[in-house]
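Enquirer: Pasting a structure here, questions to come.
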Amino acid sequence: MRLETFWTPFIWTHNVRVGCKWVAGYTIAGCVVLITFVSYMMNGGDSTQLYTPLFESDVRYSMKGLGAFFIIYFLLLITFAILMLVGLHRTTRGLMLPWMITFGICIAFQLVFGLWLIGGYYIYLDAVLAAFILWLWMGYNIYCWLCVYSQYKIFAELQSPNIILLYP
């Protein structure tokens, strides 16, 4: 599947190249918010909501390690979003791959976390609602990933050798 335009309720662009720039900005902004939220929880903030990935972690033991992992992961995602912007500017599709891989892992985590919420807390209606909202967000992230993948395919077509054999 390859997109030609990038349209969301928030952003509409006429091509996926500009859409990829918006996706990089969305990634950077989202990671900054999530780093702030994880830091707040690591410093003793409230982590009892179902929708937080540090929901059942212990403040004294597991939250420090998991929180550090999430912060490092989000910093890597910010770095890869900047690399994606450089790749868009230079028309280098190889610089888009790290973002596509790490963002794909993020999408897979959202799927698994939603399944864990439903599997573990299905008797609570708010857990089902939290999983549903998480999967709606995952759908938006899949659409953003498809935008970058479409631009990656466009770069692949532009950079492929166009050899025409002429026989006498």
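Keep in mind that glycine also has a Cβ here, set from the backbone N, Cα and C atoms.
Features from TrEMBL:
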- 21-42: transmembrane segment (TRANSMEM)
- 62-88: transmembrane segment (TRANSMEM)
- 100-123: transmembrane segment (TRANSMEM)
- 129-149: transmembrane segment (TRANSMEM)
Enquirer: Among 21-42, 100-123, 129-149, which stretch has the highest count of C-beta pairs below 8 Å with the transmembrane segment (62-88)?
Expert: 21-42
Enquirer: Please indicate, using numbers and ranges, the residues of the same chain that are 6 or more beyond the transmembrane segment (100-123) and have a C-beta under 8 Å from a C-beta there.
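Expert: For the transmembrane segment (100-123), the nonlocal Cβ contacts are 27, 50, 53, 73, 76-77, 80, 130-132, 134-135, 137-138, 141-142, 144-145, 148-149, 152.
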